[in-house]
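Participant: Pasting the relevant annotations from TrEMBL:
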- 244-318: domain 'U-box' (DOMAIN)
- 383-425: repeat 'ARM' (REPEAT)
- 424-466: repeat 'ARM' (REPEAT)
- 506-546: repeat 'ARM' (REPEAT)
Amino acid sequence: MGHQKEELINELADLIDGVSGLPECRSVSKRMYSNLVRRVKLLSPLVEDLKDSDSVEGGDDVVHGLELLRIALISGLELLKSVNEGSKILQALQIENISSRFLNVTEQIEDALSHIPYNKLDLSEEVREQIELVHAQFKRAKGKMESPNEQLEKDLAMAQREQYPDPMIFKRLSEKLHLRTINDLKKESLAIHDMVISSGGDPEECFETIAYLLRKLKDCAMTENPELDALEGDRSLIKHRSPVIPDDFRCPISLELMKDPVIVSTGQTYERSCIQKWLDAGHKTCPKTQQTLLHTALTPNYVLKSLIALWCENNGVELPKNQGTCRNKRTGAGGSDCDRAAIDALLQKLANGNPEQQRAAAGELRLLAKRNADNRVCIAGAGAIPLLVELLSSSDSRTQEHAVTALLNLSINEGNKGTIVNAGAIPDIVDVLRNGSMEARENAAATLFSLSVVDENKVAIGAAGAIPALIDLLCHGTPRGKKDAATAIFNLSIYQGNKVRAVRAGIVPPLVRLLKDPGGGMMDEALAILAILASHQEGKAAIAQSEPLPVLVEVIRTGSPRNRENAAAILWSLCTGDVQSLKIVKELGAEEVLKELSENGTDRAKRKAGSVLELLQRVDPVES
C-alpha cells in the first residue's frame, strides 16, 4: 500500500471514529444529526477492510475518491461538533440554514462515494454489499430537506412578536430545545458566549432575540424547578419561629426592626422616619444620648442595613413595609420600599438648587441608586434621569462625577437603560469620557458598557464617537479605568460596524502591547477583544501588522484555559490563507503546543488548535 494511501485510510478511520464517539444530540437538529452519525458509522467496515488489506490497487482515481471522502467527512465532523456544542436557541432560529448545511454534507459524502472505484479495491463481498446499501441511503437523502416543525416555528414567532406571550409557549420551547434545567441553561449561556466571541458577524442580527429567549427560558426553569419550591417551603417554616431581633437592629425610638437606618451627628443610628419625626417636632438633641446635634443631616447606615437584610434572609423574616407609629406620614402608608418623599426633595435640589445643593443631591442619589433595586425604580420613576443627564455638562467636576455614577447605578435596571438613552444621555456620557476627571471617565466607560447590553445602543454609542475615547482610557487610564474601557470596547465590538471603528481608531497596537506586558494585568481583556476583531478582515490585517505571532504561541504554551482558547482563535484567523504566517508559526515550534491544546483545551480551543494544525500540515508541500 502506498504511503499516501495508507495515511489517507488512517485519517478516514480517525474521522469515522471521531463521528462515532460524539455524544447524543439534544437540540432541534437531533434527527439530522443522528441520521448523519448513523450513516457515517456504516462506512467503518469499508475503511477497516482497506486497513487490513495488504495492498490497494489503483492509482490517482483511488486516491482522488478517498481524498474526496476525507474532505467530506471533515466537513461532516465539523458540522456535527458545531451542532452538538453550539447554541440550541440559535439552531432553532436558523433551522433552515442548519438543514441546508446537513444537506450539503450529505451531498458531499454521496459524491465522494460515487468517485471511489470499488472494483480496484480488495473488498470482501459482504463489505461491498454494505457500502452499496450505505451509498443508496446517501443518494436517497440527497435533496431532501428536513421537514419544518410547525409548532416550534409558531412558538418562536409568537415569543418574539407578542408583548406578553403565553407562559406555555416557553414551556413548550424549553421541552423542544432541551433547556429544562438550570444546568442546561448554564451550558446554553456558555455556548452563546462562545458564539459571540468566534462570530464573524452572522449571529449579531438575532443576538438580542437569543438573549431575550434565554432570559424567558430561565424564568420558565425557575418556575418549573421543584427544588426551588421546596426551598421556599423551608423558608416559610422558618418564618413561624419568630426569631428574637438583635437589639442593635432595633430603632431606639420605636424598638422595631429598622428598615432604613440612618446616622445622626452623634453617631447614633435610628430608623429614618422616626428620627425625622423627632426633628420635625423641633428637637435639637439626640434622643438616646441627649447630646446637642451639630447638624440635622441624616447619613444612611448602609453597613447596618446590609446586616439587617442578611439576618432577615437567614431567618425568613420580611423587612417591614412601614414603621408603625413612627412612619413619616408625608411618605404615605402605602409607599414602596423607597422613601419617595426624600427622593422628591433631592430632585427639587437637582432642578432648582444652587451648585452646592446640586452636588450634594447628585451624590446622595448616586448612593441611593447603588443601594438596591427598589431605589433604582423609584428614582427613575420620580423623573431623576433627565435632571442627571443635564448635570453631565456641569462645570463642577465633582457634580459631573456624581451624575455619571448615578446614571451608571440606575442603568443596572433594564427598564432604566431605555429611559437614559431616550433622555439623550449618550453624547453627554461620551463627552465626560473624553474630558472628565479620571473617576468620571472610568464611570462613563462603565455606563456605556451597561447601556451597550442592548444591541441597538451599541450602534448609537459607536456612532457618538465613544470608541476613540475608550481607546485613550485603555492606554492612559488607571488600572480600573483600563478594565472599564476594555470591557466596554469588547461589548461594543460585538457589532460589526464598531469592529471597523475600533480598528481604524488604532486599537490593535495598544492591545498587542498589553499582550506583551504580562505583568500589566490586562492580557485577558486584550486577547478577548483581539479574538473578536480578528474575525473581521480589517482587524485581521491590523493584528498581523503588529507581529503578534510569538506572543500568541507563548500564551498557548503557558496561558490560562480561556486565554489559550482566544490565542488559538486569533492564530487561526491570522494563518487562514496566509502561508507566510504559517511558516512563522511552524518556525516558532507551535505544532507541539497546538497538539497538546487540541487534546486538553476547552472545546473551542480544541477546534481552533485542530484547524491550525490542519493548515500547518497543508503548508508542508510548499516548503519541500
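Note that Cβ sites are derived from N, Cα and C of the backbone, with glycine treated the same way.
A TrEMBL annotation is a machine prediction, not a hand-curated record.
Owing to the predicted nature of the structure, the values given are computational and were not obtained by experimental measurement.
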Participant: Which residues of the chain, 6 or more past the ends of the repeat 'ARM' (506-546), have a CB below 8 A from one of its CBs?
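Facilitator: Hits for the repeat 'ARM' (506-546): 196-201, 467, 471, 474-475, 479, 482-483, 486-487, 489-490, 493-494, 496, 499-500, 552, 555, 559-560, 562-563, 566-567, 569-570, 573-574, 578, 581.
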Participant: Per DSSP, how many helix, strand and coil residues does the domain 'U-box' (244-318) have?
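Facilitator: Summed by class, the stretch gives 26 helix, 12 strand, 37 coil.
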Participant: As a quick check of your reading of DSSP, tell me how many residues in the repeat 'ARM' (424-466) are helical, how many are strand and how many are coil.
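Facilitator: Split into helix, strand and coil, the repeat 'ARM' (424-466) gives 35 helix, 0 strand, 8 coil.
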Participant: Work out, from DSSP, the number of helix, strand and coil residues along the repeat 'ARM' (506-546).
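Facilitator: Summed over the repeat 'ARM' (506-546), the classes give 31 helix, 0 strand, 10 coil.
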